[in-house]
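J.: What follows is a structure written as structure tokens; I'll ask about it next.
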Amino acid sequence: MDTLAQYIQTLAPQLIAWRRDFHHFAESGWVEFRTAAKVAEILDSLGYELAMGRDVIDAESRMGLPDDATLSREFARARSQGAPEKWLAPFEGGFTGIVATLNTGRPGPTLAFRVDMDALDLSEALDDSHRPFRDGFASCNAGMMHACAHDGHTTIGLGLAKVLKQNEAQLNGTVKLIFQPAEEGTRGARAMVAAGALDGVDYFTAIHIGTGVPAGTAICGSDNFMATTKFDVNFTGVAAHAGGKPEDGRNALLAAAQAALALHSIAPHSEGASRVNVGVMQAGSGRNVVPANALIKVETRGESEAINQYVFERAQAVITGAAALYGVSAEMRLMGAATSSAPTPAWVDYLREQASQVSGIVHAIDKVKAPAGSEDATLMMARVQQNGGMASYIVFGTDLSAGHHNEKFDFDEQVMAVAIETLARTALNFPWTRGV
């Protein structure tokens, strides 16, 4: 074991403590107030320059934002749960993003690493078969749970910050650590991109742990993320007595039902995989009332941006037609978006070289074939690449107690050190004079 790996191993107790703290105080998208304040406090103590809140989050580009009452309630709860007061204010109102910068003062490119911080809207299992409950760090916030390893990702970002600061003399140029809110539902990255958080980045790496990848495997160029658009549709009709005067009504429920069925009948695309799903439908107020309101929550996906756009455009036409058929109005609200992933081959090769040097990684490979879900770090990747930089997405395999987004999800905490070492080597071994 070399000096870097040995040093990272000494951090294990701190890493586990951070991870379990974030897990215990789980906060979902746009309300990661305590999490962000804790992260800012730690990064500041390490000597990083911080940009936070509105400086890195464009207000108008946020998607799927909770209502004002929820934002206020969760902000107050974060304060009551020990969020450091000094660092809390910048995040108020749902601006829970951080960019930490380490500027060496020496010439060189800018490397950026992105991790996400949000939990899921899910109630955690509370029984002794589930380690977080058994060991006392299950979520104390009802209906919020880290069931996708973002508590681990946040910890990896902090561990990387500590390692790079410790070895700053080996670095040139600039390193940026991006702590993103609201990845679940692909809601947060667009706002950071719009705020300019990725401008000036030459080499970008996003990470994930788990996702069914075996322990000891690192996928250094995940290119299987699907482009997606997530949206809500509110149908508004006219209420009427269902028995006495049904002709006076305009049935929003039937319009929503018609739309739901037709959306699932959109023809597939010949050039690749596509998806559409109506996940929620809510409507009506009473048995004898023509329903005046209905809501559906929908997502489209495509193997490429063009395929997703095809499905989304067809979905818009379906919704417009269903509303017209029943004489109601339909209002669409964008709730999330991501593009497909296209990692830069040269950067994937470099990441694979660095991962191959880590003792905890047995197999460092380029990519996997099967279509996956969606991930809004792809928007960050795309911005860096559009500006002439390189980007990739690396997945670190680990043993899981249950699948992602399951109430019994947990992961082997040893993977955090593996990820930190890989990312640290990516920066510390970078060929500053010639680039990749």
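Note: Cβ is positioned from N, Cα and C throughout, glycine not excepted.
Here TrEMBL flags C148, H150, E184, H208, H405 as Mn(2+) binding site. Residues annotated as domain 'Peptidase M20 dimerisation' in TrEMBL: 231-319.
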J.: Who sits close to C148 (Mn(2+) binding site): which same-chain residues at least 6 apart have their Cβ under 8 Å from its Cβ?
T.: A119, L120, E184, G210, H404, H405, F409
J.: Sort out for me which one of H150, H405 has the most neighbouring CB atoms within 10 A, since those are the binding-site residues we care about.
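T.: Compared across H150, H405, the most Cβ atoms within 10 Å surround H150.
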J.: Tell me which residues of the chain lie with their Cβ under 8 angstroms from that of H208 (Mn(2+) binding site), as long as they are six or more apart in sequence?
T.: A149, H153, S222, E375, Y393, I394, V395, F396
J.: When you average the Cβ positions of C148, H150, E184, H208, H405 for the Mn(2+) site, which other residues in that chain have a Cβ within 8 Å of that mean position?
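T.: Neighbours found: D116, D118, L120, H146, A147, A149, E183, H404.
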J.: Considering every residue in the domain 'Peptidase M20 dimerisation' (231-319), what is the mean pLDDT value?
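T.: Computed over the domain 'Peptidase M20 dimerisation' (231-319), the mean pLDDT is 97 on the 0 to 100 scale.
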J.: Starting from the Cβ of E184 (Mn(2+) binding site), draw a 10 Å sphere and report how many other Cβ atoms land inside it.
T.: 22
